[in-house]
């Protein structure tokens with residue numbers, strides 16, 4: 001009744017006494033609308049106050065969550081997952097430097113030609129500025145770009161005491177990296193544990209693959225030992241690698257060798273086991289070196305000189321997370337037209353050309369024949385020898401499994417009463 005004036009309240013009570021329902025309804029409607037108005041005002045006030053409280057709470061919660069996330073990223077994550085933290089930090093450093101430097105000559109694609117052979121689409125890319133890159137057969141270099149002082153913008157970080165990470169000045173794709181030895185080592189020297197550890201560290205960061213050209217005949221343009229690491233994005237133009245990656249993934253055993261049938265030249269593919277969570281990169285590098293030496297022995301590409309070993313012939317090696325491919329080379333360029341210089345990328349299914357003229361006059365090119373021209377031929381005996389390594393490994397694995405089953409059976413045999421007495 002507080003919503004009515006004194007006179008209105010008197011009239012209202014009189015209407016009640018006289019049972020004047022018309023006036024009663026008018027006054028009750030007025031009272032109800034006033035109450036609703038008060039209720040609306042109270043509700044809006046309540047909502048506004050609680051919205052402010054919820055907004056303040058949300059801001060506080062966001063600040064707490066952000067602080068917790070920053071604390072985890074800065075203090076907890078590095079201690080719990082040191083390797084993953086190192087890879088993440090390296091990727092961040094690469095991206096930061098890549099966006100701010102101008103020293104890299106990005107070899108942009110002018111024209112791309114696709115040639116299909118045996119269901120595989122090969123990529124022939126004509127690259128701008130490729131003629132500025134020194135050839136593998138070039139000589140008389142006056143300076144070493146892989147030793148300090150480095151050209152501005154190419155240095156990324158020290159990977160270890162033995163290796164440095166650089167941008168490739170002549171980049172085929174973004175984040176095309178080089179892993180180089182800190183001290184000068186010849187490109188045709190054996191790859192050691194430190195080389196494998198450093199390259200694999202960058203491989204785990206970029207999720208792609210890395211390749212090695214062992215000398216001029218394999219397409220190397222520098223004598224200083226270096227491995228080239230390609231990012232995940234580069235795998236889109238590597239049809240052969242994608243086939244080998246799928247095949248290696250389907251292999252049941254971690255220790256197997258196999259051949260890629262379309263490669264009619266001397267090569268070997270070794271299936272690699274995955275790096276364990278608790279395993280160090282150095283330990284896995286030692287494992288990779290053992291696989292590498294085993295492959296070289298099977299290919300008979302090692303020569304004993306006193307107490308040390310050296311490489312007999314040039315080769316290309318490509319490493320992904322689950323396999324290693326090694327190809328034995330005899331020369332850098334193809335013997336017939338088109339005269340194409342081929343390095344490790346050629347065996348991924350991707351060819352890099354200086355000009356369209358290198359290929360436009362050849363309508364019936366077989367990419368596998370181009371690769372065969374620059375490689376050492378493989379005979380049937382060598383094929384059998386490589387395949388026998390696979391068969392021997394299968395036999396050894398089978399014998400090992402049978403021995404383990406016998407041991408397991410003996411351990412769980414029930415003890416007879418005579419044995420107890």
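We count from 1, first residue shown onward.
Any Cβ shown, glycine's included, is placed from N, Cα and C.
TrEMBL: automatically predicted annotations, no manual curation.
Keep in mind that what you see is a predicted model, and the values were worked out from it rather than measured.
Within the set 54-72, 73-91, 92-110, the record from TrEMBL flags 54-72 under the feature transmembrane segment. Helix, strand and coil residue tallies for the domain 'ATP adenylyltransferase C-terminal' (263-377), in that order: 34 helix, 32 strand, 49 coil [DSSP]. Here the domain 'Ap4A phosphorylase 1/2 N-terminal' (114-244) returns a mean pLDDT of 89 for the predicted model. Non-local neighbours of the transmembrane segment (54-72) in the same chain are absent; no residue 6+ outside the stretch has a CB under 8 Å from one of its CB atoms.
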